[in-house]
Amino acid sequence: MKKIAVLTSGGDSPGMNAAVRAVVRTAIYNEIEVYGVYHGYQGLLNDDIHKLELGSVGDTIQRGGTFLYSARCPEFKEQEVRKVAIENLRKRGIEGLVVIGGDGSYRGAQRISEECKEIQTIGIPGTIDNDINGTDFTIGFDTALNTIIGLVDKIRDTASSHARTFIIEAMGRDCGDLALWAGLSVGAETIVVPEVKTDIKEIADKIEQGIKRGKKHSIVLVAEGCMTAQDCQKELSQFINVDNRVSVLGHVQRGGSPTGADRVLASRLGGYAVDLLMQGETAKGVGIKNNKIVATSFDEIFDGKDHKFDYSLYELANKLSI
């Protein structure tokens, strides 16, 4: 293998730059030319592909976001559109493509490997949602978790000062991991996630019990994939009358300098992705399972159920929030 390319796609996550850096430097170490595809799959279509050198990834490991930029590209689902993208890679002699992103990004990579056997593809899980099969953790999850913890800690200060209940909405799409892990970490009184049926009356009863024993404030942490914080507020008001406020944390969860854990994970996965390409592997996603770096076929990732919600952690959070 003499030439590879790397792109970031979908929602950005802290640590993507560290992953790109690892891909670029591992490839150059092995005398492989590296090209950066700017603006994700849209960049593949627009031929926005440029050679990267060692210096191209200098001073990036600590930066959030992605210097390669990212963009949604729904038209990439069309085969005729993909032919243009594939030709833009082939004319440069690029034999391998590393795609950093989520489930949709992986599906684009799989299509390329199916439709052009000359180009190998490897996926790296980059999303704060932690919703990708084939890995215990995705790049960006730990940073987003710590961001949420810091924000909720601050909100709790004002909740305490005014004796209020705060209903806080966290990201995560259809996965409740961010809300669960953050909720346990901040001592939230209630955690609302898509994986567990929500009983609003039970939440109201729990808040009321806390008030009766002298509790002045409460934190309700809601995963966006379950309901909005506003909807939760409306439903709660049917069962309990307490001074409350809504806080939607929003895109601040995607930003910020990556934590040490995300930098290390991104570096390990980026380096391993290049190793797999050199070994002739294709149509696989890399990940970490039981602290071991692994590779799983895209088919298994799409069909698999190995990334399961940790119900034991949810039960622990409930026990500790009495």
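Cβ atoms here come from the backbone N, Cα and C positions, even for glycine.
In three-state terms derived from DSSP, Asp103 (ATP binding site) belongs to a helical segment. Annotation comment: Swiss-Prot describes Gly11, Arg72, Cys73, Gly102, Asp103, Gly104, Ser105 as ATP binding site, evidence class sequence analysis.
Within the same chain, residues at least 6 positions away in sequence whose Cβ sits under 8 Å from that of His217 (ADP binding site) are Arg156, Ala159, Ser160, His162, Ala163, Arg164, Thr165, Phe166. Feature annotation from Swiss-Prot assigns ADP binding site to Arg21, Ala22, Val23, Val24, Arg25, Arg156, Gly187, Ala188, Glu189, Arg213, Lys215, Lys216, His217; the stated evidence is sequence analysis.
The Mg(2+) binding site annotation in Swiss-Prot covers Asp103, and the record cites sequence analysis as its basis. Counting only residues at least six positions away in the same chain, the Cβ atoms of Asp131, Ile132, Phe302 sit under 8 Å from the Cβ of Asp103 (ATP binding site).
Residues annotated as substrate binding site in Swiss-Prot, with sequence analysis given as evidence: Thr127, Ile128, Asp129, Arg164, Met171, Gly172, Arg173, Glu224, Arg245, His251, Val252, Gln253, Arg254. DSSP assigns Arg173 (substrate binding site) to coil in the three-state reduction, outside any helix or strand.
Positions annotated as active site, proton acceptor by Swiss-Prot: Asp129. Under the DSSP three-state reduction, Asp129 (substrate binding site) is assigned to coil, being neither helix nor strand.
The full span of the recorded ADP binding residues, Arg21, Ala22, Val23, Val24, Arg25, Arg156, Gly187, Ala188, Glu189, Arg213, Lys215, Lys216, His217, taken as their largest Cα to Cα distance, is 58 Å. Residue pairs drawn from Gly11, Arg72, Cys73, Gly102, Asp103, Gly104, Ser105, the listed ATP binders, are separated by up to 13 Å at the Cα level. For the binding-site residues Arg25, Arg72, Arg245, the greatest number of Cβ atoms within 10 Å around a candidate Cβ is found at Arg25.
Of all the binding-site residues given, namely Arg21, Arg173, Lys215, Arg254, the one with the smallest number of surrounding CB atoms inside 10 A is Lys215. In terms of C-alpha distance, the listed binding-site residues Val23, Cys73, Gly102, Gly104, Glu189 place Gly102 closest to Asp129 (substrate binding site).
The record assigns Thr127, Ile128, Asp129, Arg164, Met171, Gly172, Arg173, Glu224, Arg245, His251, Val252, Gln253, Arg254 to the substrate binding site, and the maximum Cα to Cα distance across that set is 33 Å. Of all the binding-site residues in the list Gly11, Cys73, Arg173, Arg245, Arg254, the shortest Cα-Cα distance to Glu189 (ADP binding site) is found for Arg245.
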